[in-house]
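J.: Structure incoming, see below.
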Amino acid sequence: MPETLADAVRRQDVFFETQPAGTIGPIEKPIPFAALVWGNGAFRKTIILIALAVVWELYARHLNNDLLFPTFFQTLTAFFNETANGTLPRRVWVSLKVLLTGYGIGILIAACITVLALVTRIGEDLLETLTAMFNPLPAIALLPLALIWFGLGTQSIVFVLVHSVLWPVALNANSGFKSVSPTLRMVGKNYGLGLLSTVRQILIPAALPSLITGLKVGWAFAWRTLIAAELVFGVSSGSGGLGWFIFENKNQLEIANVFAGLFTVILIGLAVEGLIFRALEERTVRRWGMQSEISLRRDA
């Protein structure tokens, strides 16, 4: 017969000792300050950036060739000098205007095609066919055609930007919409929601992780295409963007300024990721429990 609690109490080897209420230890162990600081993602990323800058500086000093690889300090000096005289801000503004135009048009067309694929079979076939045809096609390969069709200038750059943004955004959006549970779609029908209301109130929130991923990929592709296109069209049309700034300084052997232009692109990418995409994820998918930081690490 198993021992009961009363039997255990009557046993002689059981020792009871009362403790004052004030001596009871804390329920939770306080987190050390070092662990609290290290748990901050911004702090860890700052450490990584500092480490990369140190490696950059040491490697450049080891090469000791400013025309081949300027140091991080020289790049920062060139960056601040070109910013102070207004050159970099002007070039950034020119590039951002073109970039946002192509990015916005690409997202708009991707949204139209994706919604069409949701409601009709011919739309789905159209999306699958077009993405299979044009998604593998590099945007840079369309530069000669853009030059013939639109001539020298901003329209040609916008055209190749739209191509670079359209397909990754459409593919990720379509994949996200397909992954939405049929139960949620039935809920929308039971509430009598129309097509646009279903897309706005059910499909977009449910597919938001895939949509944000598509926007990120499209943004990265747009920057790559913009810089490459400005290296060609900036020289011909005098558009004066960051790509033209890099190309011009390369011809003048101002390699520190070339790295300053690339450094500017990196800073813009970090700012957009941290201030826009990260904030959007925190306010939506992570707040709603649709995305979490899952890894195989063992936290102390």
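In case you wondered, yes, glycine gets a Cβ from its N, Cα and C as well.
For reference, TrEMBL lists these features for the protein:
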DOMAIN    92-276  domain 'ABC transmembrane type-1'
TRANSMEM  98-119  transmembrane segment
TRANSMEM  139-162  transmembrane segment
TRANSMEM  226-247  transmembrane segment
TRANSMEM  259-280  transmembrane segment
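Neighbours and distances for these, please.
T.: Within its own chain, the transmembrane segment (98-119) is flanked in space by residues 126-127, 130, 154, 157-167, 169-170, 173-174, 177, 195, 199, 203, 214-215, 218-219, 222-223, 226, 239, 241, which lie at least six positions past its ends and keep a Cβ under 8 Å from the stretch.
With a cut-off of 8 Å between Cβ atoms, the residues of this chain six or more beyond the transmembrane segment (259-280) that come close are 70, 74-76, 78-79, 82, 88, 91-92, 96, 212, 215-216, 219-220, 223, 227, 242, 245-246, 249.
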